Amino acid sequence: MAMVCLSDFEAYAKKHLPKIAWDFFAAGADDCSTRDENILAYKSIILKDYFFFLALQNRFRPRMLRDVSVMDIRTKLLGTEISFPVGIAPTGFHQLAWPDGEKSTARAATAMNTCYIASTYSTCTLEEIAAAAPGGIRWFQLYIHRNRAVSQQLVQQAEALGFQGLVLTADLPYTGKRRDDIRNGFRLPPHMKLKNLEGAFEVCKMSPSFHSLCCLDPSVTWNDIYWLRSLTHLPIIVKGILTKEDAELAVRHGVQGIIVSNHGGRQLDGGPATIDALVEVVDAVQGKIEVYLDGGIRKGSDVLKALALGAKCVFIGRPALWGLAYKGEEGLQDVLRILQDEFRLSMALAGCASISEIGRHLVQFSKL
């Protein structure tokens with residue numbers, strides 16, 4: 001079967017992965033309302049403005065007779081150039097999708113010259129990820145554990161290995177209730193380990209819910225940004241922001257970036273879709289820090305919508321895993337290449353020859 005869109009990779013992964021692995025990757029919290037809304041929101045978006053509510057009727061305002069014979073889809077993340085504004089979001093347990101796990105992910109991201117955010121819960125070590133793609137653009141995603149020495153060691157190790165950014169996940173003081181994982185009694189197979197935490201906790205092979213409840217630190221606050229700053233010179237990006245109030249706090253605490261994220265709908269069910277929260281966050285930071293987005297990106301036109309509403313870059317989670325499940329590194333490159341081609345085409349048809357020409361003028365608003 002020809003793989004022509006991301007839905008083809010999703011169908012392949014669902015058919016070929018073991019049910020317990022598919023359910024883990026696909027799971028949302030509770031009724032999965034927020035997980036599903038991340039995708040549906042691109043078709044019907046409610047945007048909050050300062051004085052009234054606006055409805056985005058899922059329509060572009062394309063411009064005609066503009067020279068799009070030469071396209072420039074490059075952008076920069078904190079000063080580092082990437083080939084197009086799609087990176088790979090942090091997700092755990094890549095060996096469930098492909099034997100080489102995160103090493104294949106790192107190689108694919110490097111081959112496509114884009115950013116890969118490696119998860120604390122990787123099934124390969126940070127050293128293995130760095131060695132697999134030594135020239136890659138890599139950030140490290142951090143969960144802060146009750147044992148702060150473990151988190152400190154991971155941060156300093158990531159910096160020493162050449163990771164270029166630190167992504168603090170803010171929306172997981174406890175793990176959301178993921179019903180299929182509970183029904184399946186999910187745990188890692190005996191041959192897989194949380195490599196970056198090996199030996200740190202006795203419960204590393206237990207279910208993610210049990211591990212998180214026991215070991216994640218639910219007392220983390222904004223003041224811990226200062227603690228992280230004392231550990232590293234890496235720029236700090238906070239992942240999981242959905243409101244202007246928290247966006248303003250992020251700016252006040254000196255972080256360099258925000259990822260508008262609801263953890264793929266795996267945490268608080270009933271929260272906003274990320275594309276719905278984007279404008280509020282972008283307006284709140286007033287250009288002082290960079291704003292990115294993950295959740296629900298399935299087409300190149302989705303990327304264009306996110307950039308038009310103010311995102312600097314988007315990150316994909318589940319589609320990256322579907323690509324790995326298809327053909328490992330090669331499959332993930334296919335996923336990224338399809339998104340890249342679709343994004344370039346959407347830009348051209350909207351009349352934009354470069355990223356700098358994308359803005360809110362491209363989307364149509366109307367009063368409710």
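Placed from the backbone N, Cα and C atoms, the Cβ positions cover glycine too.
Given the structure is predicted, the values throughout are model-derived calculations rather than measurements.
Per TrEMBL, the features are:
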DOMAIN    1-368  domain 'FMN hydroxy acid dehydrogenase'
BINDING   90-92, Ser119, Gln141, Thr169, Lys239, Ser261, 294-298, 317-318  FMN binding site
BINDING   Tyr143, Arg178, His263, Arg266  glyoxylate binding site
ACT_SITE  His263  active site, proton acceptor
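The domain 'FMN hydroxy acid dehydrogenase' (1-368) scores a mean pLDDT of 92 in the predicted structure. Taking the C-alpha atom of Asp294 (FMN binding site) as reference, the shortest distance to any of the binding-site residues Tyr143, Arg178, His263, Arg266 belongs to His263. Counting neighbouring Cβ atoms within 10 Å of each of the binding-site residues (Arg178, Arg298, Arg318), the lowest count belongs to Arg298. Residues listed for glyoxylate, Tyr143, Arg178, His263, Arg266, cover a largest CA to CA span of 19 Å. Shown in sequence order, Thr169, Asp171, Leu172, Gly176, Gly240 are the residues of the chain, 6+ apart in sequence, with a C-beta less than 8 angstroms from the C-beta of His263 (glyoxylate binding site).
Here Arg178 (glyoxylate binding site) is positioned 18 angstrom away from Pro90 (FMN binding site), judged by their C-alpha atoms.
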